[in-house]
Amino acid sequence: MRSLRTTSYAVRSPHGFRAASAVVVTAALLALAGCTSDRGAVEPLGDDPEVTTSRDLTVFAAASLQRPFEELGRIFEDAHPGVTVRFSFGGSSGLVAQLAEGAPGDVLATANEPTMADAVKDSLVAGDPKPFASNTLQVVVPADNPAGVRTLADLAKPGTQVVLCAPAVPCGAASAALEKAAGVDIRPVSEEQSVTDVLGKVRSGEADAGLVYVTDVASAGSEVTGIDVPEAAAVVNTYPIAALRDAADAGLAAEFVALVTGTEGGEVLADAGFRAP
Amino acid sequence: MTLPLHLRVGVDARDVDVDLTVAAGETLALLGPNGAGKSTVLAAAAGLVTPDSGTVRLGDRTLSDATTHAWVPPHRRGIALLAQDARLFPHLSALDNVAFGPTASGEGRAAARERAAHWLAEVGMTAYERRRPRELSGGQAQRVAIARALATEPDVLLVDEPLAALDVESAPDVRDLLRRVTHDRTTVLVTHDVLDAALLADRVAVMHEGRVVEEGETGRVLSRPTSDFGARFAGLNLVRGVASAGDLRMPDGRLLHGIAETHLVDGAPASAVVSPSAVSVHLEPPHGSPRNSLDATVTDLEPHGQLVRVRTDLLSADITPPAVADLGLRRGSAVVLSVKATEVHLHPA
Amino acid sequence: MTSLALPRWLLVPAALGTLFVGLPVVAMALSVDWGSFGSLVTSDASTDALLLSLRTAAVSTMLCLLLGIPLAVVLARTSGTAATLLRSVVLVPLVIPPVVGGIALLQAFGRRGLLGSTLEVAGLQVAFSTTAVVIAQTFVAMPFLVLSLEGALRTAGTRFEEVAATLGAAPTTVFRRVTLPLALPGLVSGTILAFARCLGEFGATITFAGSLQGTTRTLPLEIYLQRESDPRAAVALSLVLVAVAVLVIGLTRARREPVGGVVS
């Protein structure tokens, strides 16, 4: 019969204990060091006289900016040999929280102004943020539109499975504002964490309709259809951008901000469905 | 109720192929070394392995038939199995262990417990009925296991090395109990201990490599085995040869004088059975006139109870440790074995 | 009792390991705003989420038992390629990210999934319902129960089952009175693991079931959402979740002691 009793182990006290622990700790530290970035490291690139340094530019940007910003990143890299633009895309408030905790970054672009205001309040930003794009909400339905949605008011019809962003996140706040402006009371079957979650649920046909940004509809292609909502003009979401105070290379950060707010940036953003601020 | 059991089974994976009949109320001992297939035979009888060939019959019921694929599952066979380890259910008290069989076959809880109490009393374990198996000694556990098997009132009792795991103190008691309970029950007893066979079995079947090599009445097999393995288990010397004028001519041409119990035909195969205790060991040919005085070489020395068993290339002898020391015996020693003709039992092979 | 010497240096990584696991929980407890803790965790949204979590985790654990026990028995008592294949299938939820599990569930039970339209015809609306939460939790938690129980069953072996059969017990009786009691410690720990996994399930739920207060927004989803608006509430709720998990483990352990030894 085997009992549940466990064998007890007594601790021997041989030498070499301290040495072994030192090895373990050192190994752990080395492993951690290997995980950190070599951001800002300057290393000679060999015999190319044009390029003497390799630099990173880290951009924190709202998830909805992913497609146009990746293209702008390529344009920026072409114009600045030796520079690698790295992106951290995510929910705006999460990005600001990360920066406040000390995450290293050079540029911040958020999906709305209140979040950028938080970053300014935390003294994360160098100079004044510049608005560079705006976005409005659209009703999104699956391509076959199974619930026959035509207007925003249709979303309030019983039996229509609508998903919205949760009021706690920016797109949810915008949705609530739109409902108020249009005098519609939508009862969603789910309040999602992010606008991409809303889009995903509509895209897969789980939901009959949702409220997302025009740019999200554009990015989803032919799988979904966007329906314009006249009242949405009253709920415009403005995207600000700013160089960060702790930027490793303030000049480079400013140049990226200039690219985004300039003509070339405007064109790329317009292609993705964004409007001018 | 007790019924005859007929086993004619082949199990290919274990290379077992036997044909055994146990008469109603009889106890058959299956003797053999580890791996001889004894436990496989029991498992086939109990329905725990499916034979590839043959039939198992209990009375006029066919329990399994490989050709017709007839099959009675273990729980409907009325065959109880006692294993080497008691295998009491660890989560049940001694009483509930014994009551398990009756409850499983549909008896009410109270009646089952009453029956269990009766059988615990039969094996002298009433005082321990509330104990959990882990609180019982090996011998006590084996007693409870016996009561548990008997409480199902089986038609056949299968007993697999019941004493092997017990210490020397408790083995005799349990053996005695087994003798009582197997007395008038159809029983198949697997053992490699000749004492179990001698005390418990009416008949003995010796197994080797999946086959029965010798079968017969216990007294006969243990005193006059006709197979090497039978002799080995009986602890006897078996010498084969041919009959020659009332004696045995061994393959090397030497003659072994003995007493024939039946008439031996000259030139016919015959064998001699000699107890190791009847063989004495000398360094020189002994004085006097033992009829048999044979040169041999020591191959092994091993303890055997209070004595030392001296194995040679011819016969084994049991002598005292001082004698071994006096003779300075070791492997390879040349010795002269002597044995009286009256101690050499000759019979046709 | 044997007293075997343990290399002393092992203690250092062991202590580091303990610290690594324990420190975040301690740090979280320290960062809780105790002054407002009560009001943070008793808000409507919080209590709804906690109750929903407990309710769905309980139902999902029952489902895990209902489906997982037979599965574990089959796995423990069979061998060969079919069994190996079956085991790999059953363990899939354990090795895939929960989000992927959620996507897979959508393909099966979603409105446009394999069974979705059939279910809808049968009047069963899975999408965005509490049922979807239970499905997601059962999906991710069942392997824990199956693995744990299968191990216990294999350790217990078939020796006692064979004896029980020769004592006249039919297969169902053997299963009920011998197999399960002997595997009880494994079953209990498997159930605890499964319940804890259900309670903590996030990825598959948010992907498959959505997030609506009182219907599909379980405690982990509520915590993740609160992070956006009120990080203090997120920390407070996280602590509640830890406390519930510890409580469940503690209660089951305390009840489990009298069961005693396992025979091998």
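Heads up, the Cβ atoms here are built off N, Cα and C, so glycines get one too.
Binding of molybdate is attributed by TrEMBL to A:Ser64, A:Val195, A:Tyr213, and the same site annotation extends, among A:Ser54, A:Ser88, A:Ser92, to A:Ser92. Neighbouring residues of the recorded molybdate site, listed in sequence order and excluding A:Ser64, A:Ser92, A:Val195, A:Tyr213, comprise A:Ala62, A:Ala63, A:Ala111, A:Asn135, A:Pro170, A:Cys171, A:Ser194, A:Thr196, A:Thr215, A:Asp216, A:Asn237 (Cβ within 8 Å of the Cβ centroid).
DSSP gives A:Tyr213 (molybdate binding site) a strand state. Of all the Cβ atoms in the protein chains shown, 30 others lie within 10 Å of the Cβ of A:Val195 (molybdate binding site).
Within 10 Å of the C-beta of A:Ser92 (molybdate binding site) we count 28 further C-beta atoms, all protein chains included.
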